[in-house]
Amino acid sequence: MPKNKGKGGKNRKRGKNEADDEKRELMFKEDGQEYAQVLRMLGNGRCEAMCIDGVKRLCHIRGKMHKKVWIAAGDIILVGLRDYQDDKADVILKYMPDEARLLKAYGELPENTRLNEGIAGGLDEEEDGAGDDYIEFEDEDIDKL
C-alpha cells in the first residue's frame, strides 16, 4: 500500500469556517452588476437566476466561492454581467438572509421580491390564514355526537 505523502485529507482542505459569524460590510451593486434571486441549481458550479431587471440568466459560481459558499434556490446573490453575453452572468457574492432584508429595506430590491428565510418563513404570507386546521367545538356540539 502506498504511503500517504500529503498533509491531510478532505476535512483539512475544507478548513475552519470562522469567518461565517463575523459581520461584513454590506456591498451594493456597481455598474456592470445586478442583484438576482436563484431559481434553481444546475450543478457543475452553475445556477439559473432571475435578475432584478427581469432577465433570466445562467450564472457561473466563481472559483473562490465554489465549495466554500453554499448557494441554494431562493438566495439573493450579486452577479457580474458580461459585456459579450447578456444571457450569462458570474456570481460575485451571496447575501446572508439579514443582509438581503437590509437591501430590501434600503430599496435596492423591489418590494415584491420574496426572501426565503427557511421553509416556514415563506409560506405564511401567501395563505393569509386560509390554512387554519384548528376547529373549535362548543359543549352543545359535543353532546350531539
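Numbers run from 1 along the shown chain.
Backbone N, Cα and C atoms are what each Cβ position is placed from, and that goes for glycine too.
Same-chain residues lying 6+ beyond the ends of the compositional bias 'Basic residues' (1-15) with a Cβ under 8 Å from its Cβ atoms: 67. The feature compositional bias 'Basic residues' is assigned by TrEMBL to 1-15.
Per TrEMBL, region 'Disordered' is recorded for 1-26 (among others).
Sequence annotations record features per position, and here TrEMBL assigns compositional bias 'Basic and acidic residues' to 16-26.
The domain 'S1-like' feature in TrEMBL is assigned to 22-96.
Per TrEMBL, region 'Disordered' is recorded for 119-145 (among others).
The compositional bias 'Acidic residues' annotation in TrEMBL covers 123-145.
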Do you know the DSSP helix, strand and coil residue counts for the compositional bias 'Basic residues' (1-15)?
5 helix, 0 strand, 10 coil
